[in-house]
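Swiss-Prot annotations:
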- 79-92, 286-298: NAD(+) binding site (BINDING)
- Arg100, Arg110, Arg139, Asp228: substrate binding site (BINDING)
- Tyr146: site 'Important for catalysis' (SITE)
- Lys196: site 'Important for catalysis' (SITE)
- Asp228, Asp252, Asp256: Mg(2+) binding site (BINDING)
Amino acid sequence: MMSKTYHIAVLPGDGIGPEVMAQAYKILDAVRQRFNVRISTSEYDVGGAAIDRQGSPLPAGTVAGCEQADAILFGSVGGPKWEHLPAAEQPERGALLPLRKHFKLFSNLRPSRLYPGLEAYCPLRANIAERGFDILCVRELTGGIYFGQPKGREGTGPHEHAFDTEVYYRFEIERIARIAFESARKRRGKVTSIDKANVLQSSILWRKVVSQVAPDYPDVALSHLYIDNATMQLIKDPSQFDVMLCSNLFGDILSDECAMITGSMGMLPSASLNEQGFGMYEPAGGSAPDIAGKDIANPVAQILSASLLLRYSLGLDDAADAIELAVNQALEAGHRTADLAGGGSAVGTGEMGDIIAALISQGA
């Protein structure tokens, strides 16, 4: 009986996207060989590159290719070249948001960790940074105040006003809570749910539903924090957190705060999943057109995005572990791209990919 072949739709995009994606290909090759798994990839245009070649940021052929795949590995989109276009036709609005909507990607997972040896890049005090941290921010992506109706602006003069509506349904809260609890089971067994239940009706329901889901996961400890306290605690002692469960708005804020305290955005991957486990995986940073093509971009976020893909959509935990271990070992050996070299000697984008791929192949 032949082993299953996994199909990945690869969307390199713009800016540094293609060159960091090239390093992800090296990592997938190493995984194929070491773990004897069958992984095929098909590449499609997206973003500005798709506008230039096909006249649309998200061509129908790209969507069709993604529909045939088990997961999407996404690079980055956008750049000054396309900023003159109407907002809905620009790479970000015209590609990322429609992909999320089309595949019903309701959950966003953003890991943020401080890697050993990179404490100097953390903006927190040394006595806080030295404790390290490894946080997974689980954000609800399709509900809440960004999508609630009604929203709009009315009136003129002193009576001109604007309004947005925060709406959460029980099923939306329950399904994102289960993602957080399941994730905590694979980590350190702690979920901190973030809300504003002392003021907001939507947060009162959020806390109620999360608390009702918790007994299904007796091996996971649940605690609750108000959003204002959570932002303070994240600065005071990030090591206390494992999985942070957030609504759309609160997760938007906290996931960026988590990213910033690592001091190394080029290291951070993200995953967006639907209820079937289908996902889109991408670096948390942008397309960085100013450094594109110079072999100086940090490919680790793209490589770790591939690791998340293997773990969450393909169920290949051993391969994902091997990638993460190889990244750790490369950093511990002192290999740094320019963003982390601090003026010292730096390796290029391609060399960093080669180093990590070799560590995977060697058994890391």
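Glycine is no exception: its Cβ is also placed from the backbone N, Cα and C atoms.
Checking each of the recorded positions (Lys196, Asp252, Ala288, Ile296) against Asp228 (substrate binding site), the C-alpha distance stays within 10 Å for Lys196. Neighbours of Asp252 (Mg(2+) binding site), defined as other CB atoms within 10 A of its CB across all chains, total 17. Remark: Ala288 (NAD(+) binding site) has Gly15, Ile16, Ser76, Ala297 as non-local neighbours, by Cβ distance under 8 Å and separation of at least 6 in sequence. The Cβ of Glu83 (NAD(+) binding site) lies under 8 Å from the Cβ of Gln90, each on the same chain and at least six residues away in sequence.
Ranking the binding-site residues Gly79, Pro91 by C-beta neighbours within 10 Å puts Pro91 at the top. With Tyr146 (site 'Important for catalysis') as the anchor, the candidate binding-site residues are Gly79, Ala87, Pro91, Arg100, Arg110, and the one with the nearest CA is Arg100.
The recorded positions recorded for this entry are Gly79, Pro91, Lys196, Asp256, Ala292, and the Cα of Asp256 lies nearest to that of Arg139 (substrate binding site).
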